[in-house]
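As structure tokens, the structure follows; a few thoughts come after it.
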Amino acid sequence: MRTCRIAPSILSADFARLGEEVRDVAAAGADWIHFDVMDNHYVPNLTVGPLVLKAIRPYVSLPIDVHLMIEPVDALIPSFIDAGADIITFHCEATRHIDRSLQLIRNAGKKAGLVFNPATPLSYLDYELDRIDVVLLMSVNPGFGGQSFIESTIEKTMALREKLDAYKAETGREIALEIDGGVKPGNIARIASAGADTFVAGSAVFGAGSPEGYAKVIRSMKEAVAALGDRS
Ligand SMILES: O=C(CO)[C@@H](O)[C@H](O)COP(=O)(O)O
Ligand SMILES: [Co+2]
């Protein structure tokens, strides 16, 4: 079976009821919770930090995937780990020492990931794959939910899939390939065909407006990917 993880982004949730919202998407079939952290410095928007992560942590047992859109990252990584993060990803441009930041996360026993903006080259991965659990490709410019999917991400996903498959053949280790931005029931099959296995969906899921709607959207996304059959 083709892997298909759906990670609803909290950015489009009702922040006044965030605990219930993450509980509802978990019950609706989500696989990870995607927790977007913005600092009005690395990106032109401001969201939430470790205190809010700690507050929602008891509401779900699913992995919480913390997407740091902050700069720098090292000083805050321990706070997100203490607050209950399972996966922490950060942008290539947001730290002076990528290897050190990855090690900070992995040495705490958590999964670490690097995030690539649409224009950021994949060559940042060249010497770091052994310390990476997730590669997150942005398919929009980071900072806001509800933007349109940038088409060049398809070609980039295919190139990354080749790299990760070659790495797996060599080491046996699987690295998740996550896509973030503009993912909808109508384009998820094309993104999965290019090689992605994990899909962030904020406005598509929470825009459905009710727990029944969340389940319907998540189901339709999973069905669209399952209909592709196994990866050849
Ligand atoms: O990190 C980000 C935006 O910077 C994302 O996680 C978005 O929040 C995804 O939202 P949609 O494009 O699915 O609405
Ligand atoms: Co995100």
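Glycine residues also receive a Cβ, built from the backbone N, Cα and C atoms like all the rest.
Pulled from TrEMBL:
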BINDING   Ser9, His67, Gly143, Phe144, Gly145, Gly146, Asp180, Gly181, Gly182, Gly202, Ser203  substrate binding site
BINDING   His34, Asp36, His67, Asp180  divalent metal cation binding site
ACT_SITE  Asp36  active site, proton acceptor
ACT_SITE  Asp180  active site, proton donor
As a whole number of Å, the Cα atom of Ser9 (substrate binding site) is distant from the Cα atom of His67 (divalent metal cation binding site) by 10
Name the one residue among Gly143, Gly145, Asp180, Ser203 whose Cα is closest in three-dimensional space to that of His34 (divalent metal cation binding site); these are the binding-site residues. Asp180
Based on DSSP, name the secondary structure state of Gly143 (substrate binding site): helix, strand or coil. coil
Separation of alpha carbons, Asp36 (divalent metal cation binding site) and Ser203 (substrate binding site) (Å): 13
Are there any residues at least 6 positions away along the chain from Asp180 (substrate binding site) with a Cβ closer than 8 Å to its Cβ? List them or say none. Ser9, His34, His67, Val115, Leu136, Leu137, Met138, Ser139, Val140, Val200
Which of Ser9, Ser203, the listed binding-site residues, has fewest other Cβ atoms within 10 Å: Ser203
Using the recorded divalent metal cation site (His34, Asp36, His67, Asp180) as reference, state which further residues of the same chain have their Cβ within 8 Å of the centre of those residues' Cβ atoms, listed in sequence order. Ala7, Ser9, Leu11, Phe35, Asp65, Thr89, Leu136, Val200, Gly202
In this structure, which of the binding-site residues Gly143, Gly145, Gly182 has the fewest other Cβ atoms within 10 Å of its Cβ? Gly143
Candidates His67, Asp180, Ser203 (binding-site residues) with CB under 6 Å from ligand 2, in sequence order, are His67, Asp180
Would you list, in sequence order, the residues of this chain other than Ser9, His67, Gly143, Phe144, Gly145, Gly146, Asp180, Gly181, Gly182, Gly202, Ser203 that have their CB within 8 A of the centroid of the site's CB atoms, where the site is the one recorded for substrate? Leu11, Ser12, Asp36, Val140, Gln147, Val200
